Amino acid sequence: MFPRVSWIAVTIIVLFCVYTYAQVVSLVCLGCLCEVSTGCNISIGCNNMVCGPFSITKYYWEDVGKPPPMGESSSDDDAFHKCVNDLYCAGYTVQAYMAKHTQLKDCNGDGVIDCDDYVRLHRLGSAGCNNSLSSDYEKKYKFCLQTFERK
């Protein structure tokens, strides 16, 4: 199912650099969010309203203060595209979104805020995270999480 398991390992290593920032989402969880979003395809670009390996929308990025790519300005007209297509900046954006929205956001109602909530929050947004994921998306997410939590 994941022929590019090495991609997720590389992604986890690269994203490890993101964490001088207070980490909300574990590296494994963040790697799985990337994997189920696009197969962690760092060259995917934009497809309709979502961009980058994490499938981030402009609203998602703006909601956390428009983080700029390293050494760039967030006022640059292309800052959104540059950030969400850069693994470091995109990972930071996801962490910032989770930090902002997970306080008291137990999306699945199990009493614990964990990766199961983060995947819903990332995919369905803050207002919709109590809804169910598609079965295919959830299957991919669960498989990824089980695979990398064992290592």
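Even glycines carry a Cβ here, placed using N, Cα and C.
Unlike curated entries, TrEMBL annotations are predicted automatically.
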Taking TrEMBL as the reference, Cys89 is linked by a disulphide to which residue in Cys83, Cys107? Cys83
Per TrEMBL, which of Cys40, Cys51 is disulfide-bonded to Cys46? Cys51
Looking only at Cys115, Cys129, which is named in TrEMBL as the disulfide mate of Cys107? Cys129
Of the candidates Cys17, Cys115, the one TrEMBL records in a disulfide with Cys29 is Cys115
With Cys34 as one half of a disulfide in TrEMBL, pick the other half from Cys17, Cys40. Cys40
Cys115 (disulfide bond) and Cys46 (disulfide bond), distance between Cα atoms, whole Å: 25
Judged by the number of other CB atoms within 10 angstroms, which among Cys29, Cys34, Cys46, Cys83, Cys115 is the least packed of the disulfide-bonded residues? Cys46
What whole-number Å value do you get for the CA-CA distance of Cys83 (disulfide bond) and Cys51 (disulfide bond)? 10
